[in-house]
Amino acid sequence: MLKILIPTIMLFPTTWFMNKKWLWSSITTHSLLISLLSLSWFKWNMDIGWDFSNQYLAIDPLSAPLLILTCWLLPLMILASQNHITPEPLTRQRIYISLLISLQVFLIMAFSATEMILFYIMFEATLIPTLIIITRWGNQTERLNAGTYFLFYTLIGSLPLLIALLFMQNDLNTLSMFIIQYSHLPNPSSWANKFWWTACLIAFLVKMPLYGVHLWLPKAHVEAPIAGSMILAAVLLKLGGYGMMRIIIMLNPITKEMAYPFIILAIWGIVMTSSICLRQTDLKSMIAYSSVSHMGLVAGAILIQTPWSFAGAITLMIAHGLVSSALFCLANTNYERIHSRTLLLARGVQVILPLMATWWLLANLANLALPPSPNLVGELLIISSLFNWSNWTILLTGIGVLITASYSLYMFLMTQRGLTSKHLMNLNPSHTREHLLLTLHVLPVLLLILKPELIWGWTF
């Protein structure tokens with residue numbers, strides 16, 4: 001653990017004392033080396049399932065893939081941000097990179113925390129750098145509105161969790177994940193315990209986000225700069241899913257009777273948000289709503305608590321993290337050239353940037369869960385476990401899958417095919433940096449086809 005955490009913290013002095021000429025290249029190289037070193041986390045200790053760094057930090061098969069995804073994303077965010085941050089004053093460039101590094105530190109500590117209160121502190125700490133990135137480096141003036149939505153939705157959702165954790169500490173005298181899961185609640189059917197159950201989960205449902213409390217996400221995604229969109233889609237939403245998987249084991253047996261409305265909302269949200277995608281004119285907004293749709297599947301899977309659904313949830317979270325981040329990078333390459341996110345203004349780009357069209361096709365096919373992508377593995381595990389739980393769910397999940405395929409192909413056709421507009425004839429060519437960035441997104445997805453058990457979690 002410390003072999004990753006200490007080099008990551010040492011990126012701060014590197015950022016502030018590095019010569020301007022080598023700033024971006026050195027930070028990218030160092031963070032890429034850290035991410036390659038983090039791949040050693042796949043060799044967790046299978047005898048006990050946990051690899052302890054100390055009393056408060058440990059890794060298991062559930063947190064290892066998410067930790068590696070977090071480390072993998074930092075060099076990609078820095079690569080993606082170079083074009084639009086480089087013209088700014090040097091101090092602002094250093095602050096921007098420092099915020100991205102601090103996000104990685106907080107996320108590593110959140111995913112490896114074994115104490116619930118440490119997890120909560122790190123869960124909340126990720127809010128500050130993300131908020132600054134959105135409100136300071138966003139493209140339009142609506143970024144302040146988006147930042148306000150993001151802040152208040154997340155904080156109002158998280159406060160009940162803090163109160164619930166303090167009650168738990170008072171009752172059990174510990175907040176260690178290892179001990180809580182073996183302790184039982186007195187009188188699980190009481191109203192107080194039902195409120196406590198809701199308080200424990202609502203923070204994670206807002207963060208995922210569940211349909212109904214998702215309005216902050218499209219705003220935050222649309223207004224955030226590219227690095228903000230990438231970290232939000234790839235890792236911060238997964239923090240909600242990870243928190244749910246950790247805490248829901250401790251909430252039995254109340255979950256069996258309390259989960260029904262949330263499962264219904266999650267599955268209904270899959271169809272609703274997929275339908276919203278079909279009528280979006282804004283490219284980033286469409287990708288943001290598709291994230292809500294995929295996270296609805298994950299939320300439903302976690303709430304029914306079967307080994308298959310847990311494996312499907314973690315698989316889909318990792319696969320979706322890489323694919324949605326790649327889609328945001330592609331949307332950003334369009335935005336940097338056309339200076340508009342409107343789908344209609346970017347038609348026929350395939351003729352001008354043919355290799356970029358290949359990346360669009362690969363990312364969209366992975367997004368619609370084409371076999372044999374890990375997205376399909378996750379969706380099949382989730383849909384089959386939901387069908388086993390209730391046969392009627394197949395109607396909604398099936399419709400959701402069909403609409404997902406529709407809007408993914410619609411997104412590809414609208415941006416790449418059709419007659420090329422006159423104003424697109426003088427576009428800048430694509431850069432090696434952009435192709436490297438997209439290779440580093442798509443390659444892990446293709447490699448995970450060969451060994452998907454790396455991201456199945458601890459239920460197999």
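Yeah, the Cβs are placed from backbone N, Cα and C, and that goes for glycine too.
Feature annotation from Swiss-Prot assigns transmembrane segment to 22-42 (among others); the stated evidence is sequence analysis.
Taking Cβ pairs closer than 8 Å, the transmembrane segment (59-79) reaches residues 1, 4, 8, 24, 27-28, 31-32, 34-35, 38-39, 41-42, 44, 49-51, 53, 97, 100-101, 104, 107-108, 111-112, 226-227, 230-231, 234-235, 238, 242, 245-246, 314, 317-318, 321-322, 325, 329, 433, 436-437, 440-441, 444, 454-458 in its own chain, all 6 or more past its ends. The transmembrane segment annotation in Swiss-Prot covers 59-79 (among others) and rests on sequence analysis.
If one looks beyond the transmembrane segment (117-139) by at least 6 residues along the same chain, the residues whose Cβ comes under 8 Å of a Cβ in the stretch are 56, 85, 96, 99-100, 102-103, 106-107, 109-110, 146-147, 150-151, 154-155, 158, 161-162, 165, 169, 175, 203, 207, 220, 223-225, 227-228, 231-232, 236, 239, 243, 246, 335. Residues annotated as transmembrane segment in Swiss-Prot: 117-139 (among others).
Beyond the transmembrane segment (148-168), the same-chain residues lying 6 or more positions past its ends with a Cβ under 8 Å from any Cβ of the stretch are 116-117, 120, 123-124, 127, 130-131, 134, 175, 180, 196, 198-200, 202-207, 209, 213, 215-216, 219-220. Among the features that Swiss-Prot reports, transmembrane segment is placed at 148-168 (among others), with the record citing sequence analysis.
Annotated transmembrane segment per Swiss-Prot: 195-215 (among others), in sequence order, evidence recorded as sequence analysis.
Beyond the ends of the transmembrane segment (231-251), by six or more residues, the same chain brings 62-63, 66, 69-70, 73, 77, 100, 103, 107, 110-111, 116, 119, 123, 126, 130, 177, 180-181, 197, 200-201, 203-209, 217, 220-221, 224, 287-288, 291, 295, 298-299, 302-303, 305, 310, 313-314, 317-318, 321-322, 324-325, 328, 457 to within a C-beta distance below 8 angstroms of the stretch. What Swiss-Prot lists as transmembrane segment is 231-251 (among others), and the listing cites sequence analysis.
Residues or ranges marked as transmembrane segment by Swiss-Prot on the basis of sequence analysis: 258-278 (among others).
The transmembrane segment annotation in Swiss-Prot covers 286-306 (among others) and rests on sequence analysis.
Summarising the annotation, Swiss-Prot assigns transmembrane segment to 310-330 (among others).
Per Swiss-Prot, transmembrane segment is recorded for 343-362 (among others).
Same-chain residues lying 6 or more positions outside the transmembrane segment (394-414) and placing a CB less than 8 Å from one of its CB atoms are 267-268, 270-271, 274-275, 277-278, 283, 286-287, 290, 293, 296-297, 343-344, 346-347, 360-361, 364-365, 367-369, 379, 382-383, 386-387. The feature transmembrane segment is assigned by Swiss-Prot to 394-414 (among others).
Through the fold, the transmembrane segment (436-456) approaches residues 42, 61, 65, 72, 75-76, 79-80, 311, 314-315, 318-319, 322-323, 325-326, 329-330, 359, 362-363, 366, 372-375, 377 of its own chain, all at least 6 residues removed from its boundaries and within a Cβ separation under 8 Å. Sequence annotations record features per position, and here Swiss-Prot assigns transmembrane segment to 436-456 (among others) based on sequence analysis.
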Among 195-215, 258-278, 286-306, 310-330, which stretch has the most Cβ pairs under 8 Å to the transmembrane segment (343-362)?
310-330
Taking a Cβ cut-off under 8 Å, which residues six or more beyond the ends of the transmembrane segment (195-215) line up next to it in the same chain?
123, 149, 153-154, 156-158, 160-161, 163-165, 167-168, 236-237, 239-241, 243-244, 247-248, 251, 254-255, 258, 262, 265-266, 268-270, 272-273, 292, 295-296, 298-299
